[in-house]
Amino acid sequence: MTEQRTVTNNATHYFYPTVLLFSILLTGGVLTATSFYNKHLRQYKSAKDIPEAIFKKQWLYGKVTSVGDGDNFHFFHTPSGIFGGWGWLRSIPELQTVAFDASVEVPQSVRWWNKLFSAKVANYKSHFMSLHVPYKGRRNLPTISVRLCGVDAPERSHFGKTAQPFSDEALNWLRYKILGQYVWVKPLAVDQYGRCVARVELWSWLKGWQNISIEMLKEGVGVVYEGKVGAEFDNQEDIYLYEELNSKKAKRGLWSQRKFETPGAYKKRT
């Protein structure tokens, strides 16, 4: 009887530490897996889903699924890319391809006096509107609405207001540049419209990394953001101002107009 009690006590003595160790390992494994998922695999479906710790510190990877204006677009987040299962375990939205048709005339937001007095303006407009956008955007997807940081594109017609010159051209250029492409997005803030204000980078084997906001300024399809409240440049404001000045001196894009009103001034006036 005494021997049986001794064996039972010994079994109990070894059993409880084993259970405790197993519980610790299991809990640690669950916490580690959860942390790994949240950091590397969790998909953000709107700007409000992005944790505060991400802003101004980390980059998000994903696909541009639609471009609705000259300085904003919708971003389908694909965390960790192919290593996160995207494209083979997790589906990525496909965009409908658009065949190039040279016979189609595209509208241009050009005013009659620019046509009459400035051939350079017409040439720039023709160039931007002739850029072929190979995809048709898709809406109603679980995407983040992204506002390009540090820049302002000409205002399109909204709520009965007339469109600014080069607004259609800026939109077509941005669609040509990023629609259907995979980009890196660095969240900086959330604006009053619930959009993620972000620095956006596109990789090209020919051009390397391209900051889309800065590319807009180089092409002359946007200006440096004039608002004092909510302006975000990710510590690159000097570069933005430099590229805008270069385009202005060269009368490139929207700077080719004889009379030019910035988007900020236009919004205040109207």
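Every residue number used here counts from 1 along the chain in the order it is shown.
The backbone N, Cα and C atoms fix where each Cβ goes, and this holds for glycine too.
The Cβ neighbour count for Arg147 (active site), using a 10 Å radius over every protein chain in view, is 24. Under the heading active site, Swiss-Prot lists Arg147 (among others), citing sequence analysis as support.
Per Swiss-Prot, the feature active site maps to Glu155 (among others); the stated evidence is sequence analysis. Within 10 Å of the C-beta of Glu155 (active site) there are 21 other C-beta atoms, taking all protein chains into account. Under DSSP, Glu155 (active site) is assigned to coil, being neither helix nor strand in the three-state scheme.
Here Swiss-Prot flags Arg195 (among others) as active site, drawing on sequence analysis. The local packing around Arg195 (active site), expressed as other Cβ atoms within 10 Å of its Cβ over all shown chains, amounts to 19.
Per Swiss-Prot, the feature Ca(2+) binding site maps to Asp152. Neighbour list (Asp152 (Ca(2+) binding site), Cβ cut-off 8 Å, at least 6 residues apart, same chain): Asp71, Gly222, Val223, Val224, Tyr225, Glu226, Thr262, Pro263, Gly264.
Sequence annotations record features per position, and here Swiss-Prot assigns domain 'TNase-like' to 58-257 based on sequence analysis.
Feature annotation from Swiss-Prot assigns transmembrane segment to 15-37; the stated evidence is sequence analysis.
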Arg147 (active site) to Arg195 (active site) - Cα separation in whole Å: 6
